[in-house]
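Below you'll find the structure, written out as structure tokens, and then a few comments.
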Amino acid sequence: MGQVLPLVTRQGDRIAIVSGLRTPFARQATAFHGIPAVDLGKMVVGELLARSEIPAEVIEQLVFGQVVQMPEAPNIAREIVLGTGMNVHTDAYSVSRACATSFQAVANVAESLMAGTIRAGIAGGADSSSVLPIGVSKKLAHVLVDVNKARTMSQRLKLFSRLRLRDLMPVPPAVAEYSTGLRMGDTAEQMAKTYGITREQQDALAHRSHQRAAQAWSDGKLKEEVMTAFIPPYKQPLVEDNNIRGNSSLADYAKLRPAFDRKHGTVTAANSTPLTDGAAAVILMTESRAKELGLVPLGYLRSYAFTAIDVWQDMLLGPARSTPLALERAGLTMSELTLIDMHEAFAAQTLANIQLLGSERFAREVLGRAHATGEVDDSKFNVLGGSIAYGHPFAATGARMITQTLHELRRRGGGFGLVTACAAGGLGAAMVLEAE
């Protein structure tokens, strides 16, 4: 057993999460079509502050993330401060850790709280898959820079004459890993084959995710943590996530063709999370600051861990690697958890991580640990559904998971919850939460 690392300030204060909120999540090019991530971020932070009734000047720092960067607003955090009526002196900076971006934002605010430089801050993330930075070819970009330096019209025309029609075609954002050229779906296929995960198992998990998410909405469990979004042309508000298939059957999933390995694959659009637009944020404070303001925290951040592995194989095993570290730092075991919430990038990736968390061989030979992290109890796992159903606005997912888990822990009378995710680049994140 490694060292327990209590997340407390010098005065012994725990890190309290006092409030959390998100927009409804919308599939790419649907309800939030044309709404940039920065506007989604402003929307959720503005509403979060209004609902919490916390004076804006109490917030001393805002750390926010965006994975699909927009060149015109590179520091989304600062734009949110300036666009929501927050105190202009509020420190604000942006982070990016792929699909674990808002985990990183929460960790950064927590570290500021523990260092004593602030007493309250906001962490979160927003992404739009509908408003994308469409680029130009490398040759056109090179010519445009040279044209800007040219002094005469003849020099400019000569430069433009080097271009061909294909050089003028727009270039969409890459969906593959920069370092390997592999898509995340390719890695999900590799993991399905390596760990013997069948198409039927993947479809069953996806179906479970949609059923549970639909039930969560039907039972009213998400109303407190999801705002109503009013979007141009303001004819109809978006109230709920629009990706959830509440009436689907397992037979529906079986009809889809593989999306990555067309001949022999098992990963489909239905057993993967879709491209999504949305934003989410949480307010963190020292425990004493929350008491001063008369606030009852949703819960507390008990521990966190980030890991990184090679990107050529098993790139999406972040949960299997970061979870034992987070549990160790929290001084807990898997059996002591009340809830486990794992990001469902793909059903194949999710099932592989579940398998390896319970594997003694993986623990010994890969992690160098004496025993497996622990079997995942299905009754504790993704009890309200997961990212396959809700969708995945990259930078917002972590904050969604944290808020959702804390609310569910409180409904169950308290306890400990694990939230964990894989991320592009072979990254992994895990956090242990506590509610009373």
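Positions of Cβ are set from backbone N, Cα and C atoms, glycine also.
In Swiss-Prot this protein carries:
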{"type": "ACT_SITE", "residues": "Cys99", "note": "active site, acyl-thioester intermediate"}
{"type": "ACT_SITE", "residues": "His392", "note": "active site, proton acceptor"}
{"type": "ACT_SITE", "residues": "Cys422", "note": "active site, proton acceptor"}
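Note: the CA-CA distance between Cys99 (active site, acyl-thioester intermediate) and Cys422 (active site, proton acceptor) rounds to 7 Å. The candidate set comprises the active-site residues Cys99, His392, Cys422. Of these, Cys422 has the most other Cβ atoms within 10 Å. Cys422 (active site, proton acceptor) falls within a strand segment according to DSSP. If you take the Cα of Cys422 (active site, proton acceptor) and the Cα of His392 (active site, proton acceptor), they are about 12 angstrom apart, rounded to a whole number.
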